[in-house]
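Annotation comment: Swiss-Prot describes 167-217 as domain 'GRAM 1', evidence class sequence analysis. Annotated domain 'PH' per Swiss-Prot: 218-315, in sequence order. For 568-634, the entry in Swiss-Prot reads domain 'GRAM 2'. Taken from Swiss-Prot, the feature UDP-alpha-D-glucose binding site covers Ser745, Arg746, Asp748, Asn1019, Val1048, His1050, His1063, Ser1066, Gly1067, Thr1068, Asp1087, Gln1088. Taken from Swiss-Prot, the feature region 'Disordered' applies to 1186-1209. Annotation comment: Swiss-Prot describes 1196-1209 as compositional bias 'Low complexity'.
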Amino acid sequence: MPKDSSEHQKSPSRFTRSMFVDPRAFVRRSVSPVDQLCHSVADLRFVSSNTETLESRLQALSKKFDNGSENHGQDTDTVEDVAKTQYMAKSFAGLIATASMYVGINELGDKEENDEDELELMNDAASVLDTSSQANQTLFEVSIEMNADAISQISTDSKSRKELIRERLIKKFLPNDDEKYIEEYPCWLLRDIMIQGHAYLTNKHLFFFAFIPNFESDFNVTGSLRLISGHVLSKSHRYWVVLKGHTLSFHNSSTDLYFPLLTIDLRDISSVQMTSSENNPTKFELSIKDQSLVLKADSFHSARHWVSSIKKQMFASQHSDTNTMTIKIPLQNIVDLEETSILDKSGTLRIKALENLSTYAVDEYFFVFFKGNANAMKQKVNSLLKDLEMNGSQILVNFNKVDSPLGINEKLPDLNYDDPSNENNLVDDADINSAETDTLSPGTMQSALTLQQTSSAFSPRHSAYPRKVKKKLKSMAGSLKLGSPSKFTKLEDDIIIEHYSPGLINDQTIDYDKDSKSIISRLTPKKFQNVPLMWAADPVHFNSDDGIVFPLDDKYTADADISNQSNVRFRQHFSFDETANLVASYHGYLNRNVPIYGKIYISDKNICFRSLLPGVSTKTVLPLEDVENCYKETRFRFGYFGLVIVIHGHEELFLEFGNKNARDDCEFVMIKVMDAVSSHRSTLKRKSTAEVVHRLSEAASLKLLEEKISEQGFDIPLIVEKNPYFTTVIKPSKSYKFGLLTIGSRGDVQPYIALAKGLQAEGHEVIILTHGEFKDWIVSHNIGFREISGNPAELISLMVQHGSMNMGLLRDASTNFSTWISSLLDTAWEGCQGIDILIESPSAMAGIHIAEALRIPYFRAFTMPWTRTRAYPHAFIVPDQKRGGNYNYFTHVLFENIFWKGISGKVNEWRETKLKLPKTNLVSMQQNRVPFLYNVSPIVFPPSVDFNEWIKVTGYWFLDEKRSYKPPAEFMEFLNKARELKKKVVYIGFGSIVVNDPEKMTDTIIEAVRDAGVYCVLNKGWSNRFGDPLAKKIDKELPSYIYNSGDVPHDWLFTKIDATVHHGGSGTTGASLRAGLPTIIKPFFGDQFFYASRVEDIGAGVALKKLNRSSLAKALKEVTTNTRIIQKARQIGESISKEHGVATAIGAIYSELGYARSLIKTKNPVDDKEMEAASTKLSNDAVVTAKGNEKEEYSSEGSGSNDGSWLLI
């Protein structure tokens, strides 16, 4: 056995046992700045013999590194790198990792003590990992209120339009002149879902009317799920899943959305429910006709959100024709009214109405009120019933003869909407948009949601609550259209109310279309038929009323019957709705890695492809709005004819045809269809910032609200009405105090200021905890500030002074870092007192422990890869070439162990003395289960398919400071001169880096700029020592084509130049990409290597491994002349400018808050009575403002609007 291995067996260290695999095979070839650190870890794993001291071993290692540093990172390019730094890492997180490792080395000798601690902590880990307990009540109390008019503030004109709509509805509702309108109540109809709408009372009828949202365009849920296949082995595969419109599609990754692996039409789903297994509470099942799909989410909260979203989408699909829902109940059929309480702080009116005279079946309707209107409506209905009886109207059923399935004094049963064994289902109302149809046949869609019976003695017709509606009610507003504000004046005339005929539905008689194909058969390709004809098939054109009309003499146009049949098959293949119209079809090849033979479809909305090869199920759905252009290529293969489709922000799509005429016709038709949709493209994509932000906030807040209702035992999705005149706002009813904890440089603090301003706009109080040097900056934005220790300048100075690892550095690090981290932990604990929610940069190290001690929700936020994934390596261990998923995942494991090894001693001591918590370890902390917000664009950092649901890539948190920067006159003259000479202007700046020869680096940049023939805005900050006050100055005279600008606001400068060269910090990279500038990155340390590779991967710039005259000049020419890079950077800039990172982050905080609360663990929980008291206090605080004054409720009874619908759960 090798000597190293035997020595390792004799004396294993605590650090060694925490590692999963031998790191030497992975990290020795790394060229990142942390490579030396990784080498030291690999070597320190093998403890020397008894005669060899630790100090002598470290001296040998230091000598090894000094000798090897000259050849470190060398390749065939032997040209020097003038930008080589004097120290290993300067990014703050990198410094922390390096310093923590140095400190951790001193603990390697304490084997017995370490073994005891490790054994104790591993025994504790099992109890901490139990996540099956119920989540505590969230800190958010959500209210729903009605804003002013959605178009503008409520005016007399808009009120008159609303009254005209009501009059139009009542006129259609009431065919008899003797029926009069009485009252209107804002309420929610409780069925499978809770639907916001209005209840209208007349002297003879009760109506419920609601506008159903059109989820086709504004509803989009994405995330990763596991699809479980097989019943015995239960194999599962992870996919990126997108719920949009009426389809649920599965993809390989978040960047491969044009090639769905599986598409499910929601109209084919008969039910969706959580599985009843207690061992797997994160699974849910989709029933698709006679099949079922089992999906698994990462958490119970995520699974519940997916089920809720799919249910709402299914309901909306059933009402997609009119986007409205109407129920009509004759008052004389009402047999009982009961006011009850289902949800906290709300009133519920249960109405039992006779359904059928022959069977005396009774239906139950539940109307939920949040303004005390339940009793008012009950009294009004009772009064109207008495009037009807006094006037001689016959009450069809004696109230006393109908047995109530649920007594007034009985306790409401717990709801279980996911029990498939119960047949008391709720059947949705059907809206029929047909002027010729006067009756409604029994429906065929079985409800996805079921209720659990409380007693087997109940009749099938008398469920607990809510019971199954045994008939389908025809829509009373068949063609009520939601148009743009300019069309509201004609909205009243479009309302068409139709009569209906009630009927019974027998569950056993429900059947489906026998001719419809199953999901599996749709994905199964047909065998070749008439292969010779298909090989050189002519195009086929299809005429439609709504699409392009081909001339009558067109030889390729199919007749009407074939067109109809082809349209039906086309919609079935790709799960499109009836609005999709096929324009043309072709046979050809999709050329990705290899040519795939199949059929190409062009519709009025999409370009599609379907493989015809046996065993190949490739499909493509490319929206026309994403297509920029198409053009002919001579050929990709001999004998074939090529067509290239240019996609916005995506690589091109290549098609091949065996027939030249087919290729030319496809190009012609494609351009015609693109021209037809081009006029609508701007309308489809142009949404105001306020509208997008509102939609993001609404979706997240609604998810939070549903979770709070679920905590009370009611798993009920909510649908908020899309009223054309009012918009419903869901927002926290109480201001809470957020603590944002971060340490580091100005670039580390800036995103938190942007997030703080967004949270303040939501009505919350925000405090940023960071270094004192940023106080004035933070306070200038009216944000709270608390100072903590941990300024990285001390560590930076320490690293620069020593340059490489040696015994002096180890001794200084052991002393300075220990004091530094102790001060940081203590001040962070003091600063976090009194906050309700903590968001922390993980480099601050203290947050996860403080949140545990304070028992508050905890989030992490960072700018670089910090969570385990196979898609990206850790930002500090980026290899010189891609090495695959195993290596990437291992880098995260390696870094976590290194990082924790260095700080664990101090942290555990601090936990015991200050926080009064027991010791912990990596397993007990569960830091990979913490909700994580990446403030990076998903274009630069696409979410990996193996990211858990609680990991969100939100987009950049830009801080657009409106400071009036006034450039010097000579600066503007320089820029104007460059434009006059038609010279490209580039920005070059690397921050305050420390290099060996700063003068030589300046000379190299000057020569490279001259060779490239561009003008340069230079921001010099490099020097040969840390903190040099003369770093910004240049001793020599600069040529006329270079201007030393110093620090200039990026949001001002980047709009006036053509390209950038910088070090690759997250903030600078985001600013240059948002401006649409080609970017050259010369990384020096930390996450800069990661962003250099990402910018090059997405085609927006160049990553420089070495900076010298030739390499920089070549890169400058490339980014200023290569049209492909320039166009790609511009496209990425347009996409990033449409992102709303702060709004997305706030939405993620809301949506993941319940999950964050469920992770709060402590080894010594508080007494149950204390918990109950805290919960009671929290509930009482729900209607109290931040100042402690009782919130005044706005009464709107009788107003007929929803501006008083407060929901305080």
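Cβ coordinates are placed from backbone N, Cα and C, and glycine is handled just like the others.
This view paints the features noted in Swiss-Prot onto the structure.
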{"residue": "Ser745", "record": "UDP-alpha-D-glucose binding site", "Cβ within 10 Å": "20"}
{"residue": "Asp748", "record": "UDP-alpha-D-glucose binding site", "Cβ within 10 Å": "25"}
{"residue": "Val1048", "record": "UDP-alpha-D-glucose binding site", "Cβ within 10 Å": "17"}
{"residue": "His1063", "record": "UDP-alpha-D-glucose binding site", "Cβ within 10 Å": "25"}
{"residue": "Gly1067", "record": "UDP-alpha-D-glucose binding site", "Cβ within 10 Å": "20"}
{"residue": "Asp1087", "record": "UDP-alpha-D-glucose binding site", "Cβ within 10 Å": "26"}
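For the domain 'PH' (218-315), the model's average pLDDT works out to 85. Overall, the recorded UDP-alpha-D-glucose-binding residues Ser745, Arg746, Asp748, Asn1019, Val1048, His1050, His1063, Ser1066, Gly1067, Thr1068, Asp1087, Gln1088 cover a maximum inter-Cα distance of 23 Å. Broken down with DSSP, the domain 'GRAM 2' (568-634) shows 10 helix, 37 strand, 20 coil. For the domain 'PH' (218-315), the DSSP-based tally of helix, strand and coil residues reads 20 helix, 47 strand, 31 coil.
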